[in-house]
Amino acid sequence: MSKKISGGSVVEMQGDEMTRIIWELIKEKLIFPYVELDLHSYDLGIENRDATNDQVTKDAAEAIKKHNVGVKCATITPDEKRVEEFKLKQMWKSPNGTIRNILGGTVFREAIICKNIPRLVSGWVKPIIIGRHAYGDQYRATDFVVPGPGKVEITYTPSDGTQKVTYLVHNFEEGGGVAMGMYNQDKSIEDFAHSSFQMALSKGWPLYLSTKNTILKKYDGRFKDIFQEIYDKQYKSQFEAQKIWYEHRLIDDMVAQAMKSEGGFIWACKNYDGDVQSDSVAQGYGSLGMMTSVLVCPDGKTVEAEAAHGTVTRHYRMYQKGQETSTNPIASIFAWTRGLAHRAKLDNNKELAFFANALEEVSIETIEAGFMTKDLAACIKGLPNVQRSDYLNTFEFMDKLGENLKIKLAQAKL
C-alpha cells in the first residue's frame, strides 16, 4: 500500500486486563499502519471509570451518538471482589448496560466461523445472528411470594383520571404461592423492530421473530402485531428487493427450525429467550472467543461493536507474572472490522470497506492454515492432547496476522 486509507471518525473505548493488552496490539499492528482515523478515545478501564465517577462511560456513549460508530474493548463489571481489588468508590454498573441505555438499540451476536474449528451443531455452516430485546419482561418484573390464601389482582390506573381497570390474576384458595407482574413498552418494541429490520437489510439475510403468542395472546401478540405493522409499512418492499423475508414463528417451532437449519438468518428474540438462546447458539458454534457483538440503534446509522467475551482475567494474571499466554484476539479484531465496515458504509468509502473485509478474511484464513491460539487448538484436538507446537502465543499470533495482512494488502495493490 502506497498510502494510508482515510478512515473518518471512530469512537474507541479502551478496556481492562488481557483484552486491553490485545486492543493496543490490534491498533499497533493491524489498524494504524494502514488506516488514518479521526479517533476519539475514551479510557473505560476500571480505574478511570472510578476516577471519573463513571462519567467517561456516559461521555463515550454521547460521542458514539455524535459520530455514529463505536468500537469497544471488553471491560470489567465490578463485583464485591473487584471493588476490594481496585479500592473502588462504589460497585459501578456494567459499561455495556450504561451505553445501551443511552443509545437504545438491540445487541446482535454473531459467530465467526472457521472450517477447521469443529461445531457442536455440525449443520451450522453460516452464522445465526441473535438479536435480544434487552428491555423489560422478567428483567424489570415485580415478583413476590404470596403468603397465604387471597386474591392477586393487577390494576391499571389511567393518568387522565378515567376509570381504573382491574384484572384478577389468581384466587389463591389453598395456601400461598408466587406471583409476578411484568411489562414492556410500545416504543421499546418499535425500536427493537427497526433495529432488527435494519440488521436484516444490512446482512441481506431473512429475519424471524419468535414469541409464544398462542399462550400470551395480548402480551406476545403485541410484539407480533408491532413487528408486522412496521414491516408492512416501511420495510416489505426493501426486503422483497433483496429477495429476503420476515416471518413470525412460535418460539418452540423456531428452536427446532434453528437446530436443523444451516444458519444464515437473523433471529429476533424477546428478552428472556434472547438471554438463553444467545448462549445456546454460541456454544453450538464452538467458542465464545469467536463471537462478535454489535449494538444496532433503531436509526440504522449508529452502531457499537465489541467482542462478546470478558477481559480474560486468568491470562492477565499469567501475563503480570511474566508467564506465556495464548489469548485469542479474533473477536476483538472483529469489533474493529465491524465498526470500520459500518463507517465505510456511512461514508461510501470503498477502500475502507475493502480493508475491513480483508482483515476479517486474513483472520479466518490464518486460523484455517493452522496458525492459532491455544483455545482453538483445544477445540480441534481436545485440551489434554494439545502440545506447545500446536499453537502460537498471544504475541506470535498477532505478528502472524500482521504478516498475512501485509501480504494480502500488497497483493490487492490498494
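Each residue, glycine too, has its Cβ placed from N, Cα and C.
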Fill in the blank from the handout: Annotated as N6-acetyllysine in Swiss-Prot, from the list LYS151, LYS164, LYS321, is LYS321
Exercise for the section: May I ask you to find which of ASN53, ASN101, ASN328 Swiss-Prot records for the NADP(+) site already listed with THR75, ILE76, THR77, ARG82, LYS260, GLY310, THR311, VAL312, THR313, ARG314, HIS315? Expected result: ASN328
Completion exercise
If one consults Swiss-Prot for phosphotyrosine across TYR42, TYR272, TYR285, the residue flagged is TYR42
Practice task
With a 10 Å radius around each C-beta, find which of these recorded positions (THR75, THR313, SER389) has the fewest other C-beta atoms nearby.
Solution key: SER389
Practice task
Other Cβ atoms within 10 Å is the metric here; tell me which of the recorded positions LYS224, LYS260, HIS315, LYS321 scores highest.
Solution key: HIS315
Handout entry: Nearest-integer angstrom distance between the alpha carbons (Cα) of ASP252 (Mn(2+) binding site) and THR77 (NADP(+) binding site)
Key = 33
Exercise for the section: Check the Cα-Cα distances from LYS400 (N6-succinyllysine) to the binding-site residues THR77, ARG109, LYS212, LYS260 and tell me which is shortest. Expected result: ARG109
